Ligand code: SF4
């Protein structure tokens, strides 16, 4: 596909020169401030204080839970997740005993305040747990948190189709999950071989069918472009198979090759990777094929059927972004459970200990395993609102921001608006004093646009909190 000449009906406009010139490393903004700004000075006591503030203001509405299961059977070479690859199942049993302790502690803290209407199991591989272990864990969660009924809640789980049978899918539905997300990445056998993830197509399709039969409300598929051995042709075939399988949502992630940060990626031969130009053509082709098939381009790697909740929420301007990507749930406090998981309570983010040993040690001492975090000030909240609006709706209404915060947009963001002029000249954004709008050409470079509003990015390291604990590890913006 010629990436510089895209039809008017396309949800994005490709301009290879601009993309090449502006592509840089940048955050995905599943949080603002980003996790590398969390500091070790924020501990358990700060989390409790944030919770006390939430309680003082009265219940803020429904609660979200995230449960992290870090284990995987085998390693996929492209993986950049926080996971533990082991076949020693006793490790999962030990982990569950501590996780249940954390659930109990958090359940007591939130008792009587909120009803859970959103639950997400991620990893790692949540289905690394046996059927019995999952039964037990879900029953434990229900003992310590009040859940909204099935029809009113979104209860989702990421599954690795290699680890589940159709019977297991039925069991997951019985256990209370009503949304399922399947890791596929690519249907091509050579690509699967090159990334050490052999997953026969029939197996994946059988799991999808089982999910439909079991009454899952939504099925989502994860794909990656830019993997070794991928070509335009193999990608075209994969997309055709995905469209035929008709999932409700599709995520299409850009493979970020960063072997200096992620050890498994060192097993990928750079010679097998598609060139940046081919990757761009692949992205253009995939967006074209998926939108022609009727999917709506939500933004930042995500597609959904027009009647899916995400597409409806975007049309109605109430889409949000959180650690799982896009969400229809606004402003819910998020309690994250498990090693390395990140919570959002009141105006704070807090992250659990990142190693099993440290996570277990804190729980043994009777403390929540909070290791780091950040308390957002008014400036952070304001900038988070701007970034959220641009990421989710591709536009920002100045009047609504000025109504929510005591500022004059033009004055407060004078420096940012001056910076935006260059992007405006490139045709990526427009600003008329009432609306800041991202153009079709700017949509693929949305991270660049949001980066203008990120106060921390240009900040010299010494001006940041002295105990900021995580190194920068951002992928390319496209
Ligand atoms: S991609 Fe998923 S299944 Fe593969 S190693 Fe990473 S977390 Fe595990």
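Each residue, glycine too, has its Cβ placed from N, Cα and C.
With 78, 79, 80, 124, 125, 185, 222, 256 listed by TrEMBL as binding S-adenosyl-L-methionine 2, the candidate from 173, 174, 197 annotated for that site turns out to be 197. S-adenosyl-L-methionine 1 binds 66, 123, 158 as TrEMBL records it, and from the list 287, 298, 342, 374 the residue named for this site is 342. Proximity to ligand 1 (Cβ under 6 Å from any of its atoms) holds for none of the binding-site residues 66, 78, 158, 256, 342. For residue 72 ([4Fe-4S] cluster binding site), the nearest of the binding-site residues 66, 197, 256, 342 in terms of C-alpha separation is 197.
Residues 66, 123, 158, 342, recorded as binding S-adenosyl-L-methionine 1, reach a greatest CA to CA spacing of 17 Å. If you measure from the Cα atom of residue 79 ([4Fe-4S] cluster binding site) to that of residue 342 (S-adenosyl-L-methionine 1 binding site), you get 19 Å. Cα separation, residue 123 (S-adenosyl-L-methionine 1 binding site) to residue 80 (S-adenosyl-L-methionine 2 binding site), rounded: 11 Å.
Here the binding residues for S-adenosyl-L-methionine 2 are 78, 79, 80, 124, 125, 185, 197, 222, 256. Their largest Cα to Cα distance works out to 20 Å. In this structure, 66 is the one among the binding-site residues 66, 78 with the smallest number of other Cβ atoms inside 10 Å of its Cβ. Per Cα geometry, 197 is the residue among the binding-site residues 158, 197, 342 nearest to residue 76 ([4Fe-4S] cluster binding site).
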